[in-house]
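Q: Mind having a look at this structure? Questions to follow.
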Amino acid sequence: MIKGLIFDLDGVITDTAEYHYLAWKSLAKKLDIEMDRAFNEQLKGISRMESLDLILKHGNKENDYTEEEKQELATQKNEEYQHYIEEITHDDLLPGIERLLKEAKEKGIGMALASASKNGPKIIRQLEIDELFDGTVVDPASLRAGKPDPEIFLKGAEILGLKPEECVGLEDAEAGVESINAAGMFSVGVGSEAAMHKADYIVKDTKELTLDRILKAAEK
Ligand code: G6P
Ligand code: MG
């Protein structure tokens, strides 16, 4: 029986995946590296420094910067990203998400957040959903391995006091879906069939996410 939902944040609960993309694209441009949306799919769910490494590799510049310079570049990206998220309010919940969170709460379904983003706590406060995730946000700084490793989703289940098979994970990133699957949970992928083909259940849009549908699919 499903007793918990473990959410990714960026691109599932709110559209910050777009802001990550815009901020990385702007940094890449300064470094004379081309990046498009197709390449960006690889960055979803991946930590800040890992994303930077992938971008530098993509531009054949992986040996051009010292560790210190890379930290500085990541900081620049984060500063631009933080400008975007400054404006986030409750209205920026993606369609269907507020309803899903409410339904889950009413039914006593546990909810945890499994986001690699260090900006996650700030974003959920601005979205005014932080109380729903009180004490159930996995701290990405505590992880030994990021997505696609299952650690982050397993920690989410542990915080909820649930077994992995009692949880559903929701993701918009390929690496995230792999992480959920490796954790032994039912995976819900938000996005195109092509990007989400490894998910157990795919929706094109968060609008389609109702508790009923998710539970029916997971408990089949
Ligand atoms: C999420 C996003 C990634 C982002 C990562 C780290 O996983 O999908 O695009 O790079 O979080 O976010 P941060 O806010 O810590 O830079
Ligand atoms: Mg995401």
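Glycine too: its Cβ is placed from the backbone N, Cα and C atoms.
Those TrEMBL annotations? Automatic predictions, nothing curated.
TrEMBL lists ASP8 with the feature active site, nucleophile. Residues annotated as Mg(2+) binding site in TrEMBL: ASP8, ASP10, GLU171, ASP172. Per TrEMBL, substrate binding site is recorded for 8-10, TRP24, 43-48, SER51, LYS77, 115-119, LYS147. Residues or ranges marked as active site, proton donor/acceptor in TrEMBL: ASP10.
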Q: So which of the recorded positions ASP8, ASP10, TRP24, SER115, ASP172 sit close to ligand 2, that is, with a CB under 6 Å from an atom of it?
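A: So the answer is ASP8, ASP10, ASP172.
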Q: For ARG48, LYS118, listed as binding-site residues, tell me which one has the smallest number of other Cβ atoms within 10 Å.
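A: Result for the binding-site residues ARG48, LYS118: minimum number of other Cβ atoms within 10 Å at LYS118.
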Q: Using the Cβ center of ASP8, ASP10, GLU171, ASP172 as the Mg(2+) site position, which other residues in that chain lie within 8 Å, going by their Cβ?
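A: Close Cβ neighbours, site residues excluded: PHE7, LEU9, GLY11, VAL12, ALA17, LYS44, GLY45, SER115, LEU170, ALA173, GLY176, VAL190.
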Q: List the Cα distance (Å, whole number) between ASP8 (active site, nucleophile) and ASP172 (Mg(2+) binding site).
A: 8
Q: Just the binding-site residues from ASP10, TRP24, GLY45, GLU171, ASP172 whose C-beta lies under 6 Å from any atom of ligand 1, please, or none if there are none.
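A: Near ligand 1, sequence order: ASP10, GLY45.
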Q: Just going by other Cβ atoms within 10 Å, which of the binding-site residues GLU171, ASP172 has the emptiest spot?
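A: Sparsest of the binding-site residues GLU171, ASP172 by Cβ contacts within 10 Å: ASP172.
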Q: Using the alpha carbons only, what distance in Å do you get between ASP10 (Mg(2+) binding site) and SER115 (substrate binding site) once rounded?
A: 7
Q: Judged by the number of other CB atoms within 10 angstroms, which among ASP8, ASP10 is the least packed of the recorded positions?
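A: Checked ASP8, ASP10; of these recorded positions, fewest Cβ neighbours within 10 Å: ASP10.
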Q: For GLU171 (Mg(2+) binding site) and SER115 (substrate binding site), what Cα-Cα distance in Å is obtained after rounding to a whole number?
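A: Pair distance, Cα basis, whole Å: 10 Å.
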